[in-house]
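Annotated features in TrEMBL:
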- 73-153: domain 'Cadherin' (DOMAIN)
- 154-262: domain 'Cadherin' (DOMAIN)
- 263-377: domain 'Cadherin' (DOMAIN)
- 378-482: domain 'Cadherin' (DOMAIN)
- 482-599: domain 'Cadherin' (DOMAIN)
- 1-27: signal peptide (SIGNAL)
- 599-628: transmembrane segment (TRANSMEM)
Amino acid sequence: MKLGKVEFCHFLHILALFVCLSGMNQAELTRSRSKPYFQSGRTRTKRSWVWNQFFVLEEYMGTDPLYVGKLHSDVDKGDGSIKYILSGEGASSIFIIDENTGDIHATKRLDREEQAYYTLRAQALDRLTNKPVEPESEFVIKIQDINDNEPKFLDGPYTAGVPEMSPVGTSVVQVTATDADDPTYGNSARVVYSILQGQPYFSVEPKTGVIKTALPNMDREAKDQYLLVIQAKDMVGQNGGLSGTTSVTVTLTDVNDNPPRFPRRSYQYNVPESLPVASVVARIKAADADVGPNAEMEYKIVDGDGLGVFKISVDKDTQEGIITIQKELDFEAKTSYTLRIEAANMHVDPRFLSLGPFSDMTTVKIIVEDVDEPPVFTSRLYSMVVSEAAKVGTIIGTVAAHDPDASNSPVRYSIDRNTDLERYFNIDANSGVITTAKSLDRETNAIHNITVLAMESQNPAQIGRGYVAITILDINDNAPEFAMEYETTVCENAQPGQVIQKISAIDKDDPPNGHQFYFSLTAEAANNHNFTLQDNKDNTATVFTKRNGFRRQEQSVFYLPIFIVDSGSPSLSSTNTLTIRVCDCDADGIAQTCNAEAYILPAGLSTGALIAILACVLTLLVLVLLIVTMRRRKKEPLIFDEERDIRENIVRYDDEGGGEEDTEAFDMAALRNLNIMRDTKTRRDVTPEIQFLSRPTFKSIPDNVIFREFIWERLKEADVDPCAPPYDSLQTYAFEGNGSVAESLSSLDSISSNSDQNYDYLSDWGPRFKRLADMYGTGPECLYS
């Protein structure tokens with residue numbers, strides 16, 4: 001291989017550096033043999049260890065251990081009596097020492113960025129006694145840096161923004177690269193910056209890494225984002241240096257450098273005249289290339305004949321101008337409107353005023369379209385009055401409506417019956433005259449609110465509505481009456497002239513000047529000897545007693561008729577009866593007992609006592625019923641009745657059938673076969689916990705052990721059953737056994753039996769056994785002989 005001139009120079013530099021470091025590492029430790037000497041009364045001893053710091057290059061890639069340096073003591077004669085040991089950081093693991101020569105080697109590749117230096121301790125020992133011949137000393141091995149780390153952008157990639165149209169040299173962002181090499185040694189950590197991508201729009205300061213704009217008038221609307229690639233290179237950018245890159249995304253932020261412009265110079269919209277107020281007529285928008293606040297606009301009507309009819313507002317989301325109606329449109333009055341509308345930016349940047357006015361104008365023409373409108377009443381609300389004494393057919397008032405269209409179609413009137421359910425009023429379909437249809441009563445309904453409908457004759461679907469409020473005027477047609485139901489009492493010991501009641505009256509009528517009532521006793525009550533009445537002239541009256549000595553036994557209730565007259569024209573009157581009860585009162589005049597029946601009660605027995613007695617009787621009846629109910633429950637049988645036993649497997653038929661000749665409904669073979677036995681039998685008096693559903697099996701058993709085994713099985717079942725109650729129970733044995741001396745007692749086998757048994761005695765047992773006597777008797781009347 002041939003080395004270039006530059007590569008050869010670098011090789012010579014590295015070789016010279018290695019030789020210098022090796023010479024520095026050949027420090028020897030010498031032991032002074034000079035005897036101590038005295039100076040100025042002080043004793044001074046020379047140091048036994050003398051050396052410089054050791055240096056070793058990082059990233060050594062050789063196969064042999066790297067020589068670091070040599071330790072030597074002047075006590076060492078070279079005869080092998082001295083050995084050297086090494087301790088401290090990395091001893092034995094990274095650094096080893098030849099105990100005979102004191103040579104130190106590094107056995108592993110070292111990285112200064114991981115650890116820059118190692119502190120170790122050296123000592124010379126007598127090989128035989130293993131005792132130190134020199135004091136222990138400490139020394140440092142420094143790792144010499146080489147350029148083995150490229151610069152890195154720890155914060156990359158970067159994003160930044162700069163306003164559009166910025167001048168050249170505007171700072172955008174600063175990037176920083178870090179080099180892990182030693183900044184105090186050589187140029188390994190000295191970094192310079194350059195731009196690889198992004199020119200000619202941006203530049204970077206080589207030493208600081210500050211990115212700046214390099215071109216003027218960069219327009220966001222043309223291009224809003226740029227991608228830059230920045231390089232950082234160590235060794236001051238020289239050849240052979242290491243480099244790293246990062247990306248920077250620069251976004252141009254918006255400024256208000258574009259004025260709004262309407263796409264068209266004029267607009268035209270058609271709207272029906274029936275469009276309601278506040279409805280949207282049109283939406284217009286001026287184009288603005290800017291965004292955000294720089295594109296915010298305001299619209300206004302600057303001229304035209306529709307200034308009071310229309311208004312324009314801005315939609316904050318879309319920046320559109322919204323034209324709405326302020327007043328109702330009328331085709332017959334005006335058929336079109338012209339508006340001059342201006343759109344202007346709300347936030348203007350003075351730096352860009354030279355680009356032109358930041359506003360624009362357009363013309364909007366609105367054409368009003370004719371529609372068939374419903375009739376219109378001359379008034380939105382009509383107010384009318386009528387007396388409640390008006391006769392049926394009385395004219396109350398007139399409403400009027402007309403067709404606003406050019407055709408001026410005739411109008412017909414009607415009343416919306418949903419507002420006049422009782423049909424108190426009528427209206428003339430042609431003239432709009434409203435009349436009464438029923439008698440009116442102000443006290444029932446003082447004001448009637450009705451809706452009148454006006455329909456076009458040519459188009460009945462066009463309906464206009466008018467509202468009429470009819471007030472009913474009052475007349476004096478209701479007589480006065482008591483204001484309430486009075487409960488008046490008088491004490492038995494009342495004195496003459498004592499006030500017992502103050503009364504007042506009410507009247508459903510509503511006279512203009514208010515009510516005025518007059519009270520008096522009727523003619524037949526005027527001369528009574530018990531009570532009198534005084535009119536207080538304030539629409540009230542007072543009732544007084546005229547005597548004393550009222551007794552309930554003589555008369556317990558008095559009825560006092562009172563005559564009341566109102567002040568109407570003509571006046572009306574009524575007679576109201578005041579009921580006065582005679583009561584027994586205490587010393588303060590408070591009524592205690594007002595019923596005369598209280599005197600017929602037994603002495604010493606009050607109403608409260610009677611109630612207490614009745615309550616006691618009812619309580620006793622309830623207790624008796626509870627006791628009877630509990631006793632009935634206790635008497636219920638603990639063993640299931642045969643008819644309710646759900647485990648019963650005998651089918652019962654409540655008909656007699658045809659006697660023993662009727663054998664079709666039953667299988668007699670099972671009853672005639674005595675040489676069988678069921679495996680399992682369940683107790684009939686206890687409900688089993690588990691009901692086995694398997695079919696019963698049968699097996700033949702010798703005759704002499706049938707009864708014994710069967711009874712013992714039943715006995716064991718009863719003894720070990722935990723659910724069996726502790727009371728006597730009936731065990732049902734549906735098996736008779738075999739080989740009995742008396743043979744079978746069943747009558748089912750008697751037909752084919754040759755038994756010599758005589759059953760003639762059954763005839764002597766009476767009519768109940770006549771059927772059996774006929775079946776089994778030997779007489780000539782036997783049915784089956």
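Just so you know, glycine gets a Cβ as well, placed from its N, Cα and C.
TrEMBL: automatically predicted annotations, no manual curation.
Each residue in the domain 'Cadherin' (482-599) has a pLDDT score, and their mean in this model is 88. Across the domain 'Cadherin' (73-153), the DSSP tally of helix, strand and coil residues reads 0 helix, 35 strand, 46 coil. The DSSP breakdown of the domain 'Cadherin' (263-377), given as helix, strand and coil counts, is 10 helix, 54 strand, 51 coil.
Here the domain 'Cadherin' (378-482) is broken down by DSSP into helix, strand and coil counts: 3 helix, 48 strand, 54 coil. Under DSSP, residues within the domain 'Cadherin' (154-262) fall into helix, strand and coil as 3 helix, 45 strand, 61 coil.
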